[in-house]
Amino acid sequence: MKTSIIGYPRVGALRELKFASEKFFKGEISIDELHRTGADLRLAHWKIQQQNGIDYIPSNDFSFYDGVLDTACLLNIVPERYRALNLPPLATTFAMARGYQGPQGDVKALAMKKWYNTNYHYMVPEIDDSTRIRLTGTKLFDELLEAKQHQIATKPVLIGAFTLLKLAKYTGAKQADDFVQEATEAYAAVLAKLNELGAEWIQLDEPQLVTDLSPEDLALFAKLYSGILSAKGNVKVLVQTYFGDVRDCYQELQALPFDGIGIDFIEGKKSLALVRQYGFADDKVLFAGVVNGKNIWRNRFKSTLVLIQELRELARQVVISSSCSLLHVPYTLKHEAKLPEETKRHFAFAEEKLQEFAALKAILEQPDPYSSSYYQQNEELFNGSRLINNEAVQARTAALSEADFTKLPEFSERLAIQKSKFRLPPLPTTTIGSFPQTAEVRANRFSFKKGAISEEQYKQFNRDKIAECIALQEEIGLDVLVHGEYERNDMVEYFGECLEGFIFTENAWVQSYGTRCVKPPIVWGDISRSKPMTVEYSAYARSLTNKPMKGMLTGPVTILNWSFPREDIQLKDSALQIALAIRDEVLDLEANRIEIIQIDEAALREKLPLRQSDWQSEYLSWAIPAFRLVHSGVQAQTQIHTHMCYSQFSDIIRDIDAMDADVITFEASRSDLAIIDAINECGFQTEVGPGVYDIHSPRIPSVDELKQGLHRMLDKIDVAKLWVNPDCGLKTRGVTETWASLRHLVQAAREVRATL
Ligand code: GLN
Ligand code: ZN
């Protein structure tokens, strides 16, 4: 039995790559030093896989920023504005990822989108009519050779042609179909080079195949691969899918001359049924994704063994694989000194998953797998109890009725009451909540955690920051203020820490985009709120100003989506438990005269099932009600805002309106304001604040640029409904750029108001 990993995390067990990259961006280390960090990490990752007997170890899964971006750069998909900067290759890649403002020019970053149903983000390749797709880069080959130098044979991985062409944005007249020939030749050139270098396999990632495919998609896929596969020579091609099943193209995959097909049996609800129904070609290897690459619970060997045994009867050659890249789980439990062994036993991060592969391999080599000690220990774990029930919480969710999900009076009546109460100017300005988490803000939290300062000292520091932040917001003239979220390490972790039922790690970081990592809490048991979580700072902030002060909360769907969920109950049940806890907080804020409350649902879109037929039944039917439950108890004059990131939600725009918030702010600048058309067309009732500048980049937008953005919005959106705000929270930005950008934003809003 052989084992395969689709991809390994790359930021480093202690986020070494993040820190090195950030130093490099600040000019504190040289590019050579950054490259050395990259090489050290790659070697460490290959070695640990090798030690655990992984047979198919990936290379080129490493990236300094993002693998889709690397693929674009490898294949010459670099828009002219970045070429014109005349930077060295890696610097060009970074300019595409982060934007560039310096002696060589001033360009924005490429668009960034969520990677399927994960919290990872990829850079959207941009193709125009002058783009020539062809092999110009070397990264894929360099990393293969680098591994070889260390006597490690790897399986290079690359985003496949179909997924690449489907994810790209086309800015000219040409579309994906017009690039079939070039893409085919470029991938053929990759295969030719790998032949020359003696690689045995290549893994082409095609997650797009698990989405709903149209006949045109199938034709595109077939055209691409009939060409590409005819060039494979001695290299074996593994088409790797993940995040779902391939029900729309299973037979096409079998018919094409792939040497291996990677299928996800964790998220792929129909995967097993497909193999049962259509069989599996004898000349191909089935890379069976049976170890969850996304969640952190231990694999239950009992069910995995049953599955593998059945697959071995259906397919001649089976390799056990992760269900997707391990990029989506943290590195290791080794650095979790604070968690009791009794708890840690239940988890497997990337490194422990490698051990699970080794254990599964050992078990499967025994004549009687069920007698193996690995197997028996594993069963013991699952048969034991975890002490996770809270009967009061279960009773409360069981007693919910329709009325709990319905806010009264209805929207238009609330709107009138709120307009006359707040008397905001047209195009009211606000921010999304957080302000820069500077080194001193983090140091304050850290000192308190370590016990180096008292609780009072810790809080006083935060109060001072709040006062300073409010004074500055007043000075530059924002209309609806926020307290700045200085007390929050992270919008989910903060609430998780205040609630019962979550557990936390010290170092379980997962890459979100570029150098940004998140540390998701783990839903361990039933969730409840034992005390107010945000009232103290919000009420303090409220006391410092006469302007409206927004209270800031994270919504239940986002808390759940950005945590590692339980696998022993349904997501819906955890969502309702969290919703009730946040609802109590909303009512406490209202009682403390916080008149505007923003409930962030940054991650609502993220877990939308990849297939439309599952949207309602598997997700929206509970996610939207969970949000409504949070705010249905407030009075008409309390204004409810929500906020969403990465606004690819034109397709669920009605469901978003049905969340019944009064105002929604969302990311828009990086997606070129596309969402605005959808809002315009569907008669969206909620007021909207599409982000007018990109906060994921350090560049400062000019007043003119912001005014142009506002005018474009006003072409489509009624002025009475439009808010003016940045894309997202400002916590990752520097202080100077933040205030300079916000000054421009207020100035732009004022100048546009004057023309109304
Ligand atoms: N209120 C949060 C903040 O400003 C929202 C962050 C987010 O949308 N990701 O940081
Ligand atoms: Zn956001």
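Cβ from N, Cα, C; glycine included.
Binding site for L-methionine per TrEMBL: Ile432, Gly433, Ser434, Asp600, plus Glu485 from the candidate set Glu391, Glu475, Glu485.
Binding site for 5-methyltetrahydropteroyltri-L-glutamate per TrEMBL: Arg15, Glu16, Leu17, Lys18, Lys114, Arg516, Cys517, Glu606, plus Trp562 from the candidate set Trp46, Trp201, Trp562.
When Glu667, Glu751 are compared with the Zn(2+) site residues His643, Cys645, Cys728 in TrEMBL, the one appearing in that site is Glu667. Checked against ligand 1, the binding-site residues Ile432, Ser434, Asp600, Glu606, His643, Cys645 give Ile432, Ser434, Asp600, His643, Cys645 as the ones with a Cβ under 6 Å from it, listed in sequence order. In the three-state DSSP reading, His643 (Zn(2+) binding site) counts as strand. For ligand 2, the binding-site residues lying close by, meaning a CB under 6 A from one of its atoms, are Cys645; the full candidate list was Arg15, Cys517, Cys645. Counting only the Cα atoms, the space from His643 (Zn(2+) binding site) to Leu17 (5-methyltetrahydropteroyltri-L-glutamate binding site) is about 30 angstrom. Looking only at the recorded positions Cys645, Glu667, His696, Cys728, the one with its C-alpha closest to Lys114 (5-methyltetrahydropteroyltri-L-glutamate binding site) is Cys645. The binding-site residues shown are Arg15, Glu606, Cys645; of these, the one with its CA atom nearest the CA of Asp600 (L-methionine binding site) is Cys645. Look at the Cβ of each of the recorded positions Arg15, Lys114, His643, His696 and count the other Cβ atoms within 10 Å; the largest number goes with His643. Looking only at other Cβ atoms within 10 Å, the busiest spot among the binding-site residues Glu485, Glu606 turns out to be Glu485.
Recorded residues Ile432 (L-methionine binding site) and Arg15 (5-methyltetrahydropteroyltri-L-glutamate binding site) have their alpha carbons 27 Å apart, per Cα-Cα distance.
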